[in-house]
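These notes are about the structure you will find just below.
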């Protein structure tokens, strides 16, 4: 907080480095002299005036690259000057903001006659102005939320260009948000087809607008084709229309694929959005009743102009949240908490038809505002669009570099007995969510050291008791034995484990029936591949310390594996097992000591066990004296595509089979334990594969 005798600023410090082009500055006038307004003055920008209530104010401020000298002056001549520095992070992946037009679009959006008279129409240029300012408000709001969650000043960038900036009443040439005007191949009639309107309960294809937007972007070309990384795009359909019963040409959707991450929305509420910053407070407090003969009352929550602005701006931001990787949450923007988005910019709320009240009392404290859920902000922290330069000075951060197209890495879960398990991630786990009825009700986060955490973890031990203790009592009663676990890692797709408690409810296997000592017990790992495919094989046991060679049967998938081992001399006792050595876990680095393939196995005096099928196509791998198998890497999906053997000497074989098939998974017993055998399911080839592990 920057303090002075007369004015305090709560969320802006002297000489602070800012990465958002727009801020919501919270302040208080300590001098009780009846100040009603505060004006923000900037040497390069027009002044903007904001109201003061109960001595508090919220001022939405635009910044220019470099030094920004901001002076806050009340109408009673109380003043405070502060300097901050804005640095656009052009290296971060931006969001492209787009208006999608039908090929025969009249270039107009829905607007009541009164509003058209006030704003001078409802054409394309006005839509661009409104969308540009709305995007700046989303950036400012998100930056404030990240700051409140102790993650620093961070927000996502939009694509910008040097052109006429319309954020103020008087346009000027400077950097501002670029609005792509994208023509669709579809006509107005096709876009407004009731069958593809999302809110039409009888519609036959209510998700079609998402595909129409995707096709329009790809036809537009430029940044939306032939890119190395997925492109992020937030699109509004200009030709959305309220016909008195249905909003046509509108869908609120967010998601995408590895080429385009996409959010779409309709323009049915755009009439209520401000066109410039000077209109921000008047538009957020405009109690004019919506005329449903002219414009839509979306979800019956847009009874006034200001409520329409709040709902539609917030709902579009909700879809951008999906674009940025956020699922629905139990609270906040990703639930439907954006019905109070207006409060983040105001110190006094207007009358709400939706609630039949004047809402929060002045000056509207942060606890009464809409929020990004904590889990959203953690996702943003590990999203490439939110990167800060100083993140790279913290080795524990493991900064993400990809928006999609990840290597298909599967997390490994190893039950340990007693309701506990070990979770492995090759890239580092930063968040574990406990999912009850599709919503996260508890979580464990691994923030970087610079933000007070321990950094993403490649190995985590969790217990059912700890996970259940993180659930609210009502959720625990309903879902304590059935909750899902969702694991998020850096540069990797999310992984969900259904009915997670049952996964840990394992019964140790008595391994004495397989030739081990009486006290040896084994635990089955989860199966990778198709866990309901083929036929169950049971346990194929072997003493890994006696294995000298492996024969892998493979073609375009894994057919089988035969383990050759020395027979233990009669009458000898098991030697005490020493702790197996653990090689480095960087399986993506270049392999310099690979096991020799196609070696001839001398089968004399060797026994063997077979998992799967024996075929004419195989590769042999021979172990060195004292070398044991400590794990396997797999490529798997609907079956097991390929297998790689890892040894205690830090060596790995090639990936035998279809090395480009499926996703990557690893199987290794917990530290101090050994592989006691393998298990899985086999059909025409190996459908699923797992290990048995335990102490020796």
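Note: Cβ is positioned from N, Cα and C throughout, glycine not excepted.
Note that the structure is predicted; figures quoted are calculated from it, not measured.
Features as listed in Swiss-Prot:
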ACT_SITE  319  active site
BINDING   318, 322, 328  Zn(2+) binding site
CROSSLNK  245  ubiquitin cross-link
CROSSLNK  478  ubiquitin cross-link
CROSSLNK  518  ubiquitin cross-link
CROSSLNK  579  ubiquitin cross-link
CROSSLNK  590  ubiquitin cross-link
CROSSLNK  596  ubiquitin cross-link
DOMAIN    522-695  domain 'Jacalin-type lectin'
MOD_RES   361  phosphoserine
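Positions of Swiss-Prot features highlighted on the structure.
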{"residue": "245", "record": "ubiquitin cross-link", "contacts (Cβ under 8 Å, 6+ apart)": "none"}
{"residue": "318", "record": "Zn(2+) binding site", "contacts (Cβ under 8 Å, 6+ apart)": "252, 254, 333, 334, 336, 338"}
{"residue": "319", "record": "active site", "contacts (Cβ under 8 Å, 6+ apart)": "234, 252, 253, 254, 263, 264, 265"}
{"residue": "322", "record": "Zn(2+) binding site", "contacts (Cβ under 8 Å, 6+ apart)": "253, 254, 255, 263, 334"}
{"residue": "328", "record": "Zn(2+) binding site", "contacts (Cβ under 8 Å, 6+ apart)": "334, 335, 438, 439"}
{"residue": "361", "record": "phosphoserine", "contacts (Cβ under 8 Å, 6+ apart)": "none"}
{"residue": "478", "record": "ubiquitin cross-link", "contacts (Cβ under 8 Å, 6+ apart)": "436, 437"}
{"residue": "518", "record": "ubiquitin cross-link", "contacts (Cβ under 8 Å, 6+ apart)": "512"}
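DSSP assigns residue 518 (ubiquitin cross-link) to coil in the three-state reduction, placing it in neither a helix nor a strand.
In this structure, residue 322 (Zn(2+) binding site) is part of a helix by DSSP. When averaged over the domain 'Jacalin-type lectin' (522-695), pLDDT in the model lands at 85. Within 8 Å of the centroid defined by the CB atoms of 318, 322, 328, the record's Zn(2+) site, lie the Cβ atoms of 254, 319, 321, 326, 327, 333, 334, excluding the listed residues themselves. Under the three-state DSSP scheme, residue 245 (ubiquitin cross-link) falls in the coil class.
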